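Record features, source TrEMBL:
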| type | residues | note |
| --- | --- | --- |
| DOMAIN | 6-93 | domain 'CAAX prenyl protease 2/Lysostaphin resistance protein A-like' |
| TRANSMEM | 6-28 | transmembrane segment |
| TRANSMEM | 61-77 | transmembrane segment |
| TRANSMEM | 89-108 | transmembrane segment |
Amino acid sequence: MFLLYFAIFHIAIGVFAPIMEELVFRGFFSQYFFKKQQKWLKLLVSSSIFALLHIMRPVEFVVYFGLGAIFYLAYARRNNIVDSIIVHLLNNGLLVIVSVVNYLILILT
């Protein structure tokens, strides 16, 4: 049963979360809350909200704000949500790989 939960958790973090978060933070916010020319405001607000929803300690805000800004810049470069989804998938995918490898090392040693 643990392996089922482990797999679902990592699929959610690696695939579903990046897609949903990008649709909300870059897609929805950018389309409905700001004018087209307010790119810096879009970056600041979407990255700040993204960071606030991810941090556990205040010091982490800078890291998550930076990630949010990178995801926004990927989106804004061509005004294409798929670009930011791909960058977010790559980021989370790397974390999932590290987590799974860490677990395998733990159970095999």
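Residue numbers in this text run from 1 along the chain shown.
Using N, Cα and C of the backbone, Cβ positions are placed for all residues, glycine too.
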**Report entry** the domain 'CAAX prenyl protease 2/Lysostaphin resistance protein A-like' (6-93), counted residue by residue under DSSP: helix, strand, coil
**Finding:** 77 helix, 0 strand, 11 coil
Report task. Over the domain 'CAAX prenyl protease 2/Lysostaphin resistance protein A-like' (6-93), work out the mean pLDDT and round it to an integer. Result -> 94
